[in-house]
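J.: Got a structure for you, written out below as structure tokens; questions coming shortly.
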Amino acid sequence: MQSIDLAQDTLTEAFPNTLRVCALHAFAYCPRLFYLEEVEELYTQDAAVFAGRQLHEKIEQQEDEEWLDLYLEDEILGLRGRVDALRTRDGQTIPYEHKRGRCYRDDNKPQAWDSDKLQILAYCCLLEAALGIVVSEGRIRYHADNVLIRVPLDEQGRQWVKDSIQQAKQLRKSAYRPPVTSNEHLCTRCSLSSVCLPEEARLAHNKEWHPLRLFPQDDEREVLHILEPGTRVGRTGEQLKISRRDQADEKVSVGQVSQVVLHSFAQISTQAVHFLAYKDVGIHFVSGGGCYIGSVDTRVGSIQRRIRQYQALSQSDFCLELARKLVNCRGEGQRKFLMRGKQKSKSDKVELEQAIAQMKAVLKQVPQVQSLESLLGIEGNLAALYFGVLSQLLAPDTPDLLKFSGRNRRPPKDRFNALLSFGYSLLIKDVMNAILTVGLEPALGFYHQPRTQAPPLALDLMEIFRVPLVDLIVVTSINRNQWDVDADFEVRGQQVWLSDRGRRKFISIYEQRKSESWKHPVTGYSLTYRRLLELEVRLLEKEWSGEGGLFGQLIVR
Amino acid sequence: MAELKNWYLVCYDIRCPKRWRKAYKLLEGYGERVQYSIFRCWLSQRMREKLRWELERVLTKEDDLILIRLSQQCVKDLPKYNRPNTWLLDEKGFRVM
């Protein structure tokens, strides 16, 4: 798939005149890192960042002699930054830079890494410009192997700094995210690797590539589901306090929480909302009947990503191609799921086999489809075939009340549909969480058309996960006899809902399914469904960033 | 690299109640208190360094701090030589209330 051309002037310039010296360091390390941090405002501090800060703190405490911590800015040069240390040696002012790691060795001769060299030279130039003095050299201390390296400032160095500032500023104005660096060693140590996904980008360009997994395997933080009406979620210190009627308060460390889901009318204090937003914890609302209501949207930066999304998804050809992938992915998933059911049952299932064969024929048409409307028709056919035989996957001894005779919703009219509907609400909540985490716009999709109610991009992405995360658990839980037809459901005339007990049960089955790991068919590494949701959104974003081809390949086996 | 997580024991001895309170509140955000001035936290390397950095800003030279990483084996063996329920694990990944 082609990447999207963006006109230079679509992005209005809102950058300060000067560049941080550490941004220049990032630029020398990897232009893409610079772009992600400076333009897309993605910062994920990794262990090394904090360890580095601590080193600086320690040096400050140990230092007995004069210590100057200087914040400098010079508009003409176009730099700003804080010098680690400034010392006077033989009448010369010399900036020092402290690094936690090792130096670079060439023939065992210690040298500075290029990016560090540029950084210290930039500090030298900044000092000269801001204080009006002459600086002859800068020094870098590498603490891991305790090496001090002197970097003399000469004309060549000055020119290097100037050129780099120019190039970096140019890149800052650009709407293009630079490609992944060719040196993959840089990526394994990079703090942004889980956002930039360099290995996946390499795979997109070279199908033979065996990606290392730089994307975290799992998110082990908890999802808190607050079910009981009248429960209050508040903040105390660095903890969430959950107060329930007639029960002792429960406290949860914020570090252990990834989402708070408020079902029905559980209360949350404004303090808690602020706190969770600050800690990047998702807040979602689901109605008492099990409808997804909405989420707290705390995306601030990331507008570049959305502009690219708008540009890409306003091209109808591009949307159509993504939609084809999506319909194919969902249809194949449904078909594979039916085939799996066929293998399990010993008895003849003629209808099932027919439906599987018909679905195969319908799926063959997908690549030729020329409009979204006909694609919708095909998806309708697939769904009709699929739901027409889904009940065949249920065990013969399933109680009549749990049997399935066709999909209906708003409101669901039988127990099976009640289970599906509630499952899809939980799913769309998780998909929304992933979209908001990545910083995309949920209201602009490529398949579902913009409407006022549900966010189309979330509906689009949800298609991929319907079978593995919802349909599958509904069928298996029924076959395992996990449902009580009376106590787990509430029947009000035509409408059927899950009762409080039923919802608790469903949530635990669903969350357990999400924690199962799965080997991704394209990237070849395994990760949990919890993480997979986010990975899939990031892979979608790659479709319009020139690194496409990995999206929509998740098919159950 | 993929983020491995481990259990850590965070133990401290803080000489001034004001700093103690700060450190205590901070640690509550990362894990749970096992005993006075001992917390257990389930941390990745990234989170560990973040915690250390945040603690370092609260503590002064005269305070003591020690972080102990428990290997998988350590945690597995814990119940063998302790009172029951000393170290309960709850790794469901979700909570319904």
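Note that Cβ sites are derived from N, Cα and C of the backbone, with glycine treated the same way.
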J.: Of the residues A:His448, A:His520, only one is listed by TrEMBL in the Mn(2+) site with A:Glu379, A:Glu463. Which is it?
T.: A:His448
J.: Sequence gap of 6 or more, Cβ distance under 8 Å: name the residues on the same chain that satisfy this around A:His448 (Mn(2+) binding site), in order along the sequence.
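T.: Counting only residues 6 or more apart in sequence, the Cβ neighbours of A:His448 (Mn(2+) binding site) under 8 Å are A:Ala454, A:Pro456, A:Leu457, A:Leu459, A:Asp460.
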J.: Apart from A:Glu379, A:His448, A:Glu463, which residues in this chain have a Cβ no more than 8 Å from the mean position of the Cβ atoms of those residues at the Mn(2+) site?
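T.: Other same-chain residues with Cβ inside the cutoff are A:Ala323, A:Leu326, A:Val327, A:Arg330, A:Leu376, A:Tyr447, A:Leu459, A:Asp460.
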J.: Below 8 Å Cβ to Cβ and six or more residues apart, same chain only. Which residues does that give for A:Glu379 (Mn(2+) binding site)?
T.: A:Val327, A:Arg330, A:Gly331
J.: What residues, ordered by sequence, lie under 8 A Cβ-to-Cβ from A:Glu463 (Mn(2+) binding site) and sit at least six positions away in the same chain?
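T.: The list for A:Glu463 (Mn(2+) binding site) reads A:Leu326, A:Val327, A:Cys329, A:Arg330, A:Tyr447, given in order along the sequence.
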J.: With H, G and I counted as helix, E and B as strand and the rest as coil, say where DSSP puts A:Glu379 (Mn(2+) binding site).
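T.: Its secondary structure by DSSP: helix.
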